[in-house]
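S.K.: Quick one: structure below, then a few questions.
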Amino acid sequence: MVTHPFIHISCILAAIVGFDVTMTPPAPPPSPEDSVNQTTRLEKTLLSSRLICKGIAWSFAVAEASVLLASQFPKAQISSFVLSMLVTRSSPADIRTTKWFLLGTVLAASGGYIRVLCYRTLGPRFTFERTIARDHKLGTTGPYSWVRHPGYASAIMVFSGTIVWNAAPGSYARECGPLDTVLGRACAAFFLPVMTSVMIVMLGRTWKEDKTLEKIFGQEWRDWADKVPYRLVPWII
C-alpha cells in the first residue's frame with residue numbers, strides 16, 4: 001500500500017493524541033469526604049504506571065514521524081543526525097502504510113474521540129479511580145446511550161490500536177531496530193503487559209460497576225439497562 005509520508009504522519013499524530021487523551025484524567029479524583037473509593041490495589045498500581053506508558057508511546061510515535069520526515073529531506077544536516085540516531089538497521093523506506101497500521105491508528109484515533117465525548121458527558125464525575133460520589137448521577141446521554149461503558153470501550157480501542165500499529169510489520173518499532181536495543185526491549189516488556197492488564201481490568205470493571213450502579217440507582221439503572229443492553233459493543237456485548 002503506497003501512501004504519502006505526510007498522510008502516514010498525520011495518522012500517527014491522530015493516534016498518539018487519542019492515546020494521550022485516554023491516559024490523561026479529565027478531572028482530579030473526588031475527595032474521600034465526597035465519595036466512596038472502590039479502587040483495588042492492582043488498579044492503583046496500573047494507574048501509577050500511566051506516565052511511563054505515555055512516555056513510551058510518545059517516544060515511538062515521535063521516532064517514527066521523525067524518521068519519515070528526515071527521509072523526505074535527506075540533504076538536510078539534521079536529517080542525517082536523526083537517521084543515524086534512530087535507524088540502526090534496515091532503511092527508513094521500510095516504514096510503510098499497511099492495513100494493520102491503518103487499523104491500529106484508526107482504532108486509536110476514533111477511540112480517543114469517543115473518550116473525549118465521555119469526558120464531556122460525565123464532566124467531573126468521570127474519574128480514573130473507581131469511585132462513587134455521594135451526589136453521583138447516572139449518565140445516560142451521549143455515548144452512554146450507545147453502550148453502558150463507552151469510556152472503557154473507547155480505551156480498549158485506543159490501547160489495542162496502539163499495540164497493533166507498533167507491533168505490525170512496516171512500523172518503526174519492527175523495521176528500524178529499536179527493539180534490538182536493551183532500552184527498546186525494556187520499553188516493550190513494560191508497555192505490553194501493562195496495557196494488556198489494564199484492558200483486562202477494564203473488562204472486569206464493567207460487571208462490578210453494573211452491580212454497584214444497580215444497587216445505588218435501582219429501577220432507574222434497570223430502565224437504562226433495558227434501553228441500553230450492551231456493555232461495550234452495540235449488538236455484540
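Don't overthink the numbers, they just go from 1 along the chain as shown.
For all residues, glycine too, the Cβ spot is worked out from N, Cα and C.
Bear in mind that the values here come from a model prediction, so they are computed numbers and not experimental data.
For reference, TrEMBL lists these features for the protein:
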TRANSMEM  100-118  transmembrane segment
TRANSMEM  151-168  transmembrane segment
TRANSMEM  188-207  transmembrane segment
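Walk me through the surroundings of each of these features.
M.R.: Sequence-distant contacts of the transmembrane segment (151-168) (same chain, at least 6 residues past either end, Cβ-Cβ under 8 Å): 12, 15, 18-19, 22, 57, 60, 98, 100-101, 103-115, 118, 122, 126, 143, 174, 192, 195, 198-199, 202-203, 205-206, 232-233.
Same-chain neighbours of the transmembrane segment (188-207): 42-43, 46, 49, 52-53, 56-57, 130, 148-149, 152, 155-156, 159-160, 162-163, 173, 179, 231-232, counting only residues six or more beyond its ends whose CB sits under 8 Å from a CB of the stretch.
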